[in-house]
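Asks: Dumping the structure here so I can ask a few things about it.
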Amino acid sequence: MKIALYAGSFDPLTNGHIAILQGSFVLADKVVVAIGIQAKKKSLFSFEERVDLITQVGKDLLSIGPDRLQVISFDTLLIDKAREIGASFLIRGLRDGTDLDYEMQMAGMNGVMAPELQTVFLPASVSGRAITSTLVRQIASMGGDVSAFVPPNVERALHLKFQSSRENGCVS
């Protein structure tokens, strides 16, 4: 069984992430989405909320069951988590040349530390190249329409999150 590991913060999950996830299922029998947990980084959505959002997208939009999609956390080196779950390769999405430069550097370092793990780069779709979780959060925090950038369940979750923040007078 070929297992792919797709890591990120997914805060929130965007249509760009989903396109990369779809491409991952063409290459792998099972995809493990690994949400990076960083103590110093304040997330908008909790780990549990992100798991729910990703799992729901897998089921509802991609028609992928729990036998092919698993969501986990990691706070270690990515290669250590990949080895732990038996991953055959790492999936990385590329939006532009800046991503490529960074990801090639990371793939090179990972290749030295874990030569048995390959990194597979999947290019973002034309419509997904401009999407970043940071921009989506900023637009949503100001009450903007993010429906073109995220799936419906994430759009609802963002709306609820920021509506609550605005009602309490603390928009981040």
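In case you wondered, yes, glycine gets a Cβ from its N, Cα and C as well.
The following feature annotations were taken from Swiss-Prot:
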- S9, K41, L78, R92: substrate binding site (BINDING)
- S9, F10, H17, G93, L94, R95, E103, G128, R129, A130, I131, T132, S133, T134: ATP binding site (BINDING)
- H17: site 'Transition state stabilizer' (SITE)
Asks: To the nearest whole angstrom, what is the C-alpha distance linking L78 (substrate binding site) and I131 (ATP binding site)?
Replies: 24
Asks: Quick one: Cα separation, H17 (ATP binding site) versus K41 (substrate binding site), in Å?
Replies: 20
Asks: Of these binding-site residues, L78, L94, I131, which scores lowest on Cβ atoms within 10 Å?
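Replies: Sparsest of the binding-site residues L78, L94, I131 by Cβ contacts within 10 Å: L94.
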Asks: Using a 10 Å radius around each Cβ and all protein chains in view, which of these binding-site residues has the most neighbours: H17, K41, R92?
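Replies: Its Cβ has the most other Cβ atoms within 10 Å: H17.
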Asks: Let's check the environment of E103 (ATP binding site): how many other CB atoms sit within 10 Å of its CB?
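Replies: There are 16 of them.
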Asks: Measuring CA to CA, name the entry from the binding-site residues L94, E103, R129, I131, S133 that ends up nearest K41 (substrate binding site).
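Replies: Checking each of L94, E103, R129, I131, S133 against K41 (substrate binding site), the shortest Cα distance is to S133.
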Asks: Around the C-beta of R129 (ATP binding site), how many further C-beta atoms are within 10 angstroms, looking at every protein chain?
Replies: 14
Asks: S133 (ATP binding site) has how many other Cβ neighbours within 10 Å of its own Cβ?
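Replies: That number is 20.
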Asks: Taking Cα atoms as reference points, rank the binding-site residues L94, E103, R129, I131, S133 by distance from S9 (substrate binding site) and give the first.
Replies: S133
Asks: Could you tell me the C-alpha distance between E103 (ATP binding site) and R92 (substrate binding site) in angstrom, no decimals?
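Replies: About 7 Å separates the two Cα atoms.
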